[in-house]
Amino acid sequence: HGYVSLVVCLFGSVANSLNIAVLTRREMTSPTNALLTGLAVADLLVMLEYIPFACHMYMPQGAWRSATDRYSYPWAAFVLFHSNFAQVCHTVSIWLTVTLAVWRYIAVAHPQRNREWCCMKTTIAAIVSAYIVSPLLCIPLFLAFSIHPKNAAVDKYGQIVRTSKDMGDAKNMTLYIVNISELGKANGNLLSHINFWVYSVVIKLMPCAALTELSRRLICALLQTKRRRQQLTSGSARVLDKQRQTDRTTRMLLAVLLLFLLTEFPQGILGLLSVWFGENFFKNCYQKLGEVMDILALINSAINFILYCTMSRQFRSTFSLLFRPSMFDRWLLVPQHN
């Protein structure tokens, strides 16, 4: 997991940086591209922050790195920061994706109201709101976990002693781990239950339900547009080309939404089951599947660049103009005239 996640994060960091560079060009200015830029910023933050976490948690731990170093208080503080920061960025990404679906549905189903309801001013307000409200939604998470000291037997190389026969030269040391806080355990784990309800229902399942319905409506609108175009085959080429471009944009955003659903829906279900079945399910199932959920979320955050290049002609053209070396222009075909 460590090596794969590191590769995905390095690729995703470059890809999202390119997304931001292309989508913020003057000729790309639009409410949809502004939302995609906000989404790329959230995904980039996830990627950049996960790189040191992957190096710390998953890279080979030889004798050169002791357990007292790996489980030191500063590293425990970083792991706690990682869990909180990553969740906030994912929450921002989730609500921007929902906003993107709403904006696209209005553009397809109510084109006459699109400029009024989904103008740049409204879009900027939606992006800022997502970045402000998401940390507030994650407050139960901030309170539910904390750093705990733990005594452990450590040998002369600083490694944790696993069996009693190796206890010869071992000495007790204090290690620090992240676990459910005392506040989270109070009143029958009330705060932990609130955290999982907010995480599974408000942050995961509600957006997934909204995206499922919006995706269904978008697909129906696409099919209706296709039937209408078949009836307008005698229309002007300009009108038909504009309709095809709208369809391509809608298909691209549908791909983004469906990838998002495949990533987030299982996490919401597992979070809900953790509330239902309690701490044993959380430790034996949820935590065991943590790496699978992490890599799915990372791939989802990194893959949008490929979707844009594959499905958006305007994105490809702008990317080519922005990053194509000028030396290639010497070999472009020049039309010859008599």
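All positions are counted from 1 along the displayed chain.
Using N, Cα and C of the backbone, Cβ positions are placed for all residues, glycine too.
Heads up, TrEMBL stuff is auto-annotated, nobody curated it.
Annotation comment: TrEMBL describes 6-23 (among others) as transmembrane segment.
Per TrEMBL, the feature domain 'G-protein coupled receptors family 1 profile' maps to 15-308.
Per TrEMBL, transmembrane segment is recorded for 35-59 (among others).
Per TrEMBL, transmembrane segment is recorded for 79-103 (among others).
Marked as transmembrane segment by TrEMBL: 124-147 (among others).
Under the heading transmembrane segment, TrEMBL lists 196-219 (among others).
Per TrEMBL, the feature transmembrane segment maps to 252-277 (among others).
Through the fold, the transmembrane segment (289-309) approaches residues 1, 4-5, 8-9, 11-12, 15-16, 18-19, 22, 36, 39-40, 43, 46-47, 50, 90, 93, 252, 255-256, 259-260, 262-264, 266-267, 270, 315-316, 319 of its own chain, all at least 6 residues removed from its boundaries and within a Cβ separation under 8 Å. Taken from TrEMBL, the feature transmembrane segment applies to 289-309 (among others).
Only residues 6 or more beyond the boundaries of the transmembrane segment (252-277), in the same chain, are considered here, and those with a CB under 8 A from a CB of the stretch are 32, 94, 97, 100-101, 104, 193, 196-197, 199-201, 203-205, 207-208, 211-212, 214-215, 218-219, 222, 285-286, 289, 293, 296-297, 299-300, 303-304, 307-308, 311-312.
Across the residues of the domain 'G-protein coupled receptors family 1 profile' (15-308), the predicted structure has a mean pLDDT of 82. Beyond its flanks by at least six residues, the transmembrane segment (6-23) meets 33-34, 36-37, 40-41, 43-44, 46-48, 50-51, 54-55, 58, 295, 298-299, 301-302, 304-306, 308, 315, 318-319, 322-323 of its own chain at Cβ-Cβ distances under 8 Å.
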